[in-house]
Amino acid sequence: MENVTPSAITNLTNTEPLSNMPENSLEVQVITIFLSLLICGVGIAGNIMVVLVVLRTKHMMTPTNCYLVSLAIADLIVLLAAGLPNISEVVSSWIYGYAGCLCITYLQYLGINVSSCSITAFTVERYIAICHSIKAQFICTVSRAKKIIACVWIFTSLYCIMWFFLVDIHEMVYANGVVVRCGYRVSRNLYMPIYFLDFTLFYVIPLVVATVLYGLIARILFMNPLPANLSERGNDSIHQGRTNSSVKVSCKSNKGAVSSRKQ
C-alpha cells in the first residue's frame, strides 16, 4: 500500500506545470519482479507443504504443529496480499480497483497480526510443556490449541475490520498520464494512534512475553542439565548386562557339571 494522502494529490493537481510521471528503470523492474517472484514462490511452496504434511499425517497433529499450521497460513496470506500486488505496481499503477484496495490492505494486516499472535501462543505452549511438564499433559492438548487458534483468528479478523474504512484509491495526475494508487483515506498523521496500538498489541507485548518465557525456559534447562556422561552410563549398563548374562551362563554350566558328576 502506497503512502498516498489527499493533500499530496491536491498539490500535484494544483501545481503548474505538472511534472512527469515517475518511472522505474528497466533494470529496477526486472530485479524487483525477479526477487518478488522468488521470495513469494519459495515462501508459498514451503508454507503449503507445512500445512499439507501436518494435516495429512495423523501422528503430527500435536499442539505445537497446530500453531505452526496457523503461522504458515498467516504467512501465506502475507505473501499473497503483500508480495504479489507489489509486482504489478512496479510496472504500472494500481490495477485491482477499490474493492481490491480494501481487501488486500485488510489481508496484509490480518496476516501480520495473526503471525504475531500465533508465535506468542506457541511460545506459551512451549513454556508450559518444558517448565510444567506434568500440567502440560492436561493443558497442552490438541483440542485446546485449536480453540486458542480459533480465538486468535476471530480476534484479529474483527480488529482489522477498521482498515476497510481507512484506505481508498487515489488518482495522481501527471503531465504524461494518471497513476492510480491505493493509500490512506486521510492524512497519515491521523493514523499514528492506530499504528501505536498495533505496535503495542502485536509487537511490544509479544516481544516481552517471548523474552520472559524463553528466559525462564533457559533458566530451567541450565539448572537441570542432562548428565554429561550419559553415553558412558549407557555403555556401562550394556557392559553390566553382558556381564550378568555371562555369569548366568557360567552358573548354568557349573550346575550341569555338578549334576553329571553326581550321576
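Every residue, even glycine, has its Cβ placed from backbone N, Cα and C.
Taken from TrEMBL, the feature transmembrane segment covers 30-55, 67-87, 93-112, 148-166, 194-217. Taken from TrEMBL, the feature domain 'G-protein coupled receptors family 1 profile' applies to 46-263. Per TrEMBL, the feature region 'Disordered' maps to 237-263. Per TrEMBL, compositional bias 'Low complexity' is recorded for 244-255.
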Range from 30-55, 93-112, 148-166 with most C-beta pairs under 8 A to the transmembrane segment (67-87): 30-55
Folded-back contacts onto the transmembrane segment (194-217), same chain, C-beta under 8 angstroms, at least six residues removed: 109, 112-113, 116-117, 119-120, 123-124, 126-127, 130-131, 162, 166
Contact set, same chain, for the transmembrane segment (93-112): CB under 8 Å, 6 or more residues outside the stretch: 1-2, 74-78, 80-82, 85, 156-157, 160-161, 163-164, 167-169, 178-182, 198, 202
